[in-house]
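Worksheet for the structure shown next.
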Amino acid sequence: MAREIHKIASLRRESSLWRRGDDGVYFSRSSTGASSSRFRDEEDDEEALRWAALERLPTRDRVRRGILLQAAEGNGEKVEVDVGRMGARESRALIARLIRAADDDHALFLLKLKDRMDRVGIDYPTIEVRFEKLEVEAEVHVGNRGLPTLLNSIINTVQAIGNALHISPTRKQPMTVLHDVSGIIKPRRMTLLLGPPGSGKTTLLLALAGKLEDNLKVSGKVTYNGHGMDEFVPQRTAAYISQHDLHIGEMTVRETLAFSARCQGVGSRYDMLTELSRREKAENIKPDQDIDVYMKASAIGGQESSVVTEYILKILGLDICADTVVGNDMLRGVSGGQRKRVTTGEMLVGPARALFMDEISTGLDSSTTYQIVNSIGQTIRILGGTAVISLLQPAPETYNLFDDIILLSDGQIVYQGAREHVLEFFELMGFRCPQRKGVADFLQEVTSKKDQEQYWYRNDIPYSFVPVKQFADAFRSFHVGQSIQNELSEPFDRSRSHPASLATSKFGVSWMALLKANIDRELLLMKRNSFVYIFKAANLTLTAFLVMTTFLRTKMRHDTTYGTIYMGALYFALDTIMFNGFAELGMTVMKLPVFFKQRDLLFFPAWTYTIPSWILQIPVTFFEVGVYVFTTYYVVGFDPNVSRFFKQYLLLVALNQMSSSLFRFIAGIGRDMVVSQTFGPLSLLAFTALGGFILARPDVKKWWIWGYWISPLSYAQNAISTNEFLGRSWNKSFPGQNDTVGISILKSRGIFTEAKWYWIGFGALIGYTLLFNLLYTVALSFLKPLGDSYPSVPEDALKEKRANQTGEILDSCEEKKSRKKEQSQSVNQKHWNNTAESSQIRQGILPFAQLSLSFNDIKYSVDMPEAMTAQGVTEERLLLLKGVSGSFRPGVLTALMGVSGAGKTTLMDVLAGRKTGGYIEGDITISGYPKKQETFARISGYCEQNDIHSPHVTVYESLVFSAWMRLPSEVDSETRKMFIEEVMELVELTSLRGALVGLPGVNGLSTEQRKRLTVAVELVANPSIIFMDEPTSGLDARAAAIVMRTVRKTVDTGRTVVCTIHQPSIDIFEAFDELFLMKRGGEEIYVGPLGQNSSKLIEYFEGIEGISKIKDGYNPATWMLEVTSTTQEEMLGIDFSEIYKRSELYQRNKELIQDLSTPTPGSTDLHFPTQYSRSFFTQCIACLWKHKLSYWRNPSYTAVRLLFTIIIALLFGTMFWDLGRKTKKEQDLFNAVGSMYAAVLYIGIQNSGCVQPVVVVERTVFYRERAAGMYSGFPYAFGQVAIELPYILVQTLVYGVLVYSMIGFEWTVAKFIWYLFFMYFTLLYFTFFGMMAVGLTPNESIAAIISPAIYNAWNLFSGYLIPRPKIPVWWRWYCWICPVAWTLYGLVASQFGNIQTKLDGKDQTVAQFITEYYGFHHDLLWLVAVVHVVFTVMFAFLFSFAIMKFNFQRR
């Protein structure tokens, strides 16, 4: 865009701005290329005329038009097109012509782009990034002080307040994340960023991209082409690509990238294209037509479908899944590897010239990683970009694609410079990379205290640990380091900076274009989430039916007796419509992580996001409110005047808009599901209690009257009541009185009697709608996402980090012990294969049976997907495994490999018995006996890829629980603890024993620590057979080596282990004994030994005619996947599966399977006297123990709920102050009953809502643990239910004591105990109902949608809005099964059911009024108490039943 860099004064003038460059000229004219590109005599006359006509257009029009071939094959008609109106189909066809195969044609395509610019002397903008003496410091909690327990959360809150008021200092300790780092990132060079976990890689990338958080202490400077960060907009000049994949799951891959491209704009491409077009015209140069169309289409911003989107889809290999939804935890979408590529592509579609990419290869196989990095490298080198890429386990061939290396360790730069000199530097330091070791793997390990010694090659000097500071100091004196220092000492010549290099405008396109983009996306998401709106409409329809049949006009007269009932119907309408907006809260919170990411990347300002979410809901509101009002108004018997009908309709529309805006605002400030689900009901309760229905305006205390005037519901109540009761139906007068029936009813409830209050109320609701939307916009504009980027760290880890940064050598007894242990644990191939040394898991203490697993002709199929059936596929089932056979044996480590879609995880799930659906055929035997899943679960372990663990327990507690549940009961407690310690030492988790597990990507353990915990959780079960699904995915080389060393040691104890693996390095791949290789479609193509240095594998495939030989030093795993690809099969005309089945190897495997399928003489089948290792009672105790820890360390649930309760207690206590003693008037009793009704309903709903996210998280863990045979469903449900009892008891006591004393109910032991009893069981059954709703539904969203429908029914039939004696006889039965009705019965009857004082002006006692008006009898309290217990037990039982019987996990 012109505004983004500089406005070109006149594109027809030879502006000096566009011509100065490194030597004073940016765009030098080329004299050599022009003649070769002039019109040729033999060109087609018609085409020449068409081009000539296009050339005659003004430059502004010419850059929007091009000549496009209408068919991808190249033989179609050429037509003139407006590139701004090209559709997705034309864009795909164009890209298909330009880049037929990304591997072969991408570089040629880029060279064509560059050649076109070179011919007229235009350079692409470049950026040189410099960072000098950069220091980043964070404040962290150390040790157990950082665990988020209930106590710690309270202390943290108090200290944070004290710190903000400068009363008390912070108790956090400083931790240096980056220490004195300096360097230069050159354009046209690919830079690889390496370093062990915690080295500061992500922080460095964020610092270079200008995205560091404000709460960090930062010193030093980062410059782009000599310009400081405050001189341009770094978020738009550079693109930071996060390691976390945050996307809207309902959008397809193409839609996600297209939206990103639409928001980011085209940068300087339009200005450069205009200059290019002007120069080409001046020199009579005709460009390649496809290149011309591409460059013009890519320079037009704001398009719904962009040619750049199609280009990025192509080079990232996402074109095959472009129309598949991205998906999330609740919606199946693309694979994890594809989702990672979507994250990368989301930023590549933009115009940023500098790329900072954080772990972009997680979940990708090595060949895909190579292709993506190669494509990015081609773009960087040819078009002059700048890139720093952090990779976890780069294969040697991927490593060789980089020009420069930055090695970071403990926040210091150990090396930065050309790749060719890195090994030279470390050899000078005394360390040498072994021959078959990847250089990247060597670099990740050489600075680690645990791995360093194995690489020491100086025999003349004894090894001593070299700390990071010593490396960093040595690098500064190394010739590469000196060269960087010399270059940094001379400032960058800012005059060399291309005017288009740095972005100076905050956003990529105009505000209106961004608003339109967000409107289009919101419409798309509303369409994709249409089931939510359908369900809300259905819920309103059901509620309307209940209202019509409960408040039936034929049963109600228009007099003062039934005026209260009509008032209840109006209030219920307000309550229903108000609560209808509650669904916005959950939907808003779920979209916020993506919003915050895109806001911080400057995709759009917050208001362009918030306005569509409000405006587009208005038509929906009109429809939803219409469903309710149009069906109920005349049936209930409201005033028949048409104008009053439409006025009620408009008022409820305004109320619904206000409600939706309120809950969006609460979601915006809460930013967390549990917190928002807590404060949502709190606001609803406050507005309702002060709305004038529960407590009439004259009875509101003077200190709360301001609350009445700011409550939106008070205005709604006045408006809807005056609209109804000033109508003709209520216009009858009492004899001898001036007031009509309607006015009398209004006065009795303290409601204004003037007609103007309708319009005052309506205006107030519109005002509140605008206010809440404004506050929502402000919240999203300035608030940051919740979460701590730098959580607590163990004390030892912080000491070691500081020692490495200062060069200090820790010297203590503990250090000497750990040094000895570390030396014995060095990552060494020789050590991996040393069986004698590796039998660390004590077979003597915990013996196990050595078991083999064989399988023959395994087929797995699923019902044919509807999408394929729609495409004409006639088969009923889709076959995913096609007769797979093989065997896994004790002491043999088998790698299960294949490209994505080969069926690796599917086969493993089938063998492990983890499939929940589909059809399985074939034979599986365990040491010769048919596999029985009940016994197999006892002797097997399964390390899932997703690392699912309870987030609120520590590492040690996770292992204790697993061992407790899975080891035989004969193993005593001491032996079990010793075994756990042994496993922790083996997997190197000892230093993390007290670390909280946390949620992936949010807090707690890092990816590699979580992966090691997954392995350890299975190892402590002492299994005979272990399945591991991608145990090294997402890990760096050193962490992968730790995991594989653990696996190797496990195998060497005699266990049977099989691992699926994606992109192994050479040494990790060759740590395996055998390979089970599958191809896409679910067939095996090699099953056999690897051999020394993979010799047998290489010999087998090189023996196939046409297969290329492996190059020296090449990774056999990568080579194997490349030569067996589908493309290779098509090129060679062979089928690797058929070749394997004709081989001698296949025959030998068949014989082995036959042998292993026959029991050995004297052996017996697996048998256990019980299904589970532990007794039912022990399972219950263990599950309760784990839930106790989880609840104590989940303050966002327990502490926030308690805080909510205290606030409500104080609110109600002060609002209804001393009303419990007032029993002289009916209104006094209505007020007291109203306080009970509101408390029960809203605190109960809050309990029910906020427990649901907690249950959802733990249920996912439960599915894994139950599948592992740890326990049955009931003990888990028992633990979840039982742990709520003490927490709700505290909640009840806090609420009960405060409210009972402040409201002034009668202080007798019986009444107080009854009050606490009914409140306790009410909160229990509401909480258990929330659990039950989750247990019976697939996910939290469905539970949150279904629950309000139940709450509505409970509210309506509670006995407050319409007393039970006045409920129509056909609905009266429901009162007996409505729990809230029983709660109100118990509370009211226990407090007022035995008061014999008479009401003022009536010959009726309080007890008689309670009995006659409400139908409550004091002498039936025992029955009410029993019913409360029954409801509580019933909901708990239904939750337990759902947990035991339903499995919503789909595998």
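Cβ atoms here come from the backbone N, Cα and C positions, even for glycine.
It should be emphasised that the depicted structure is a prediction, and the values quoted were computed from it without experimental measurement.
Annotation comment: Swiss-Prot describes 162-435 as domain 'ABC transporter 1', evidence class sequence analysis. Marked as ATP 1 binding site by Swiss-Prot: Gly195, Pro196, Pro197, Gly198, Ser199, Gly200, Lys201, Thr202. What Swiss-Prot records for 513-725 is domain 'ABC transmembrane type-2 1', and it gives sequence analysis as the kind of evidence. Positions annotated as transmembrane segment by Swiss-Prot: 531-551, 563-583, 618-638, 650-670, 674-694, 760-780, 1197-1217, 1237-1257, 1285-1305, 1312-1332, 1342-1362, 1373-1393 (among others). Residues or ranges marked as compositional bias 'Basic and acidic residues' in Swiss-Prot: 813-823. The annotation ATP 2 binding site is assigned in Swiss-Prot to Gly898, Val899, Ser900, Gly901, Ala902, Gly903, Lys904, Thr905. Marked as domain 'ABC transmembrane type-2 2' by Swiss-Prot on the basis of sequence analysis: 1178-1392.
Counted as Cβ pairs under 8 Å, contacts with the transmembrane segment (1197-1217) are highest for 674-694 among 618-638, 650-670, 674-694, 760-780, 1342-1362. Using a Cβ-Cβ cut-off under 8 Å and counting only residues 6 or more beyond its ends in the same chain, the transmembrane segment (531-551) has close neighbours at 565-566, 568-569, 572-573, 576, 580, 583, 587, 620, 623-624, 627-628, 631-632, 635-637, 1341, 1345-1346, 1348-1349, 1352-1353, 1356-1357, 1362, 1367-1368, 1370-1371. Within its own chain, the transmembrane segment (760-780) is flanked in space by residues 595, 599, 606-607, 609-611, 614, 650-651, 654-655, 657-658, 661-662, 664-665, 668-669, 712, 715-720, 722, which lie at least six positions past its ends and keep a Cβ under 8 Å from the stretch. Between the CA atoms of Pro196 (ATP 1 binding site) and Gly903 (ATP 2 binding site) there is a gap of 32 Å, rounded to the nearest whole number. The transmembrane segment (563-583) is not in contact with the transmembrane segment (1312-1332), judged by fewer than 3 CB-CB distances under 8 Å for residue pairs 6 or more apart in sequence. Listed as Cβ neighbours of the transmembrane segment (1342-1362) (distance under 8 Å, sequence separation of 6 or more from its ends, same chain) are residues 532, 535-536, 539, 542-543, 546-547, 550-551, 565, 568-569, 571-572, 575-576, 579-580, 582-583, 586, 1233-1234, 1237, 1240-1241, 1245, 1248-1249, 1252, 1256, 1329-1330, 1333-1334, 1336, 1371, 1374-1375, 1378-1381, 1384-1385, 1414-1415. There are 26 other Cβ atoms within 10 Å of the Cβ belonging to Lys201 (ATP 1 binding site). Report note: the ATP 1 site is defined by Gly195, Pro196, Pro197, Gly198, Ser199, Gly200, Lys201, Thr202, and the residues of the same chain whose CB lies within 8 Å of the CB centroid of those residues, excluding them, are Leu408, Ser409.
On a Cα basis, Ser199 (ATP 1 binding site) lies 32 Å away from Gly898 (ATP 2 binding site). Sequence-distant contacts of the transmembrane segment (650-670), counting only residues of its own chain at least 6 positions beyond either end whose CB sits under 8 Å from a CB of the stretch, comprise 573-574, 577-582, 584-586, 588-589, 592, 610, 613-614, 617-618, 621-622, 624-625, 628-629, 676, 678-680, 683, 712, 716, 719-720, 723, 758, 761-762, 765-766, 768-769, 772-773, 775-776, 779-780, 783. Packing against the transmembrane segment (1312-1332) from elsewhere in the chain are residues 1239-1240, 1243-1245, 1247-1252, 1255, 1280-1281, 1284-1285, 1288-1289, 1291-1293, 1295-1296, 1300, 1305, 1343, 1347, 1350, 1379-1380, 1383, 1386-1387, 1390-1391, 1421, 1424-1425, 1428-1429, 1431-1432, 1435-1436, 1438-1439, 1442: each is 6 or more residues past its ends and has a CB under 8 Å from a CB in it.
Rounded to a whole number, the distance between the Cα atoms of Ser900 (ATP 2 binding site) and Pro197 (ATP 1 binding site) is 27 Å.
Beyond the ends of the transmembrane segment (618-638), by six or more residues, the same chain brings 526, 533, 536-537, 540-541, 543-545, 547-548, 551-554, 556, 558, 566, 569, 573, 576-577, 580, 644-645, 648-649, 652-653, 656-657, 660, 724, 727, 729 to within a C-beta distance below 8 angstroms of the stretch. A strand conformation is recorded for Gly898 (ATP 2 binding site) in the three-state DSSP classification. Taking Cα separation as the measure, Lys201 (ATP 1 binding site) is nearest to Val899 of the binding-site residues Val899, Ala902, Gly903.
Taking every protein chain shown into account, Thr202, Ser900, Thr905 are the binding-site residues, and of these the Cβ with the most other Cβ atoms within 10 Å belongs to Thr202. DSSP classifies Thr202 (ATP 1 binding site) as helix under the three-state reduction. Residue environment of Gly200 (ATP 1 binding site) contains 23 other Cβ atoms, counted within 10 Å of its Cβ in all protein chains.
Of all the binding-site residues listed (Val899, Ala902), Ala902 sits in the most crowded Cβ setting, with the most other Cβ atoms within 10 Å. Using the Cβ center of Gly898, Val899, Ser900, Gly901, Ala902, Gly903, Lys904, Thr905 for ATP 2, the list of other same-chain residues with Cβ within 8 Å runs, in sequence order, Thr906, Met1078, Arg1080. Of the recorded residues, Val899 (ATP 2 binding site) and Gly195 (ATP 1 binding site) place their C-alpha atoms 28 Å from one another.
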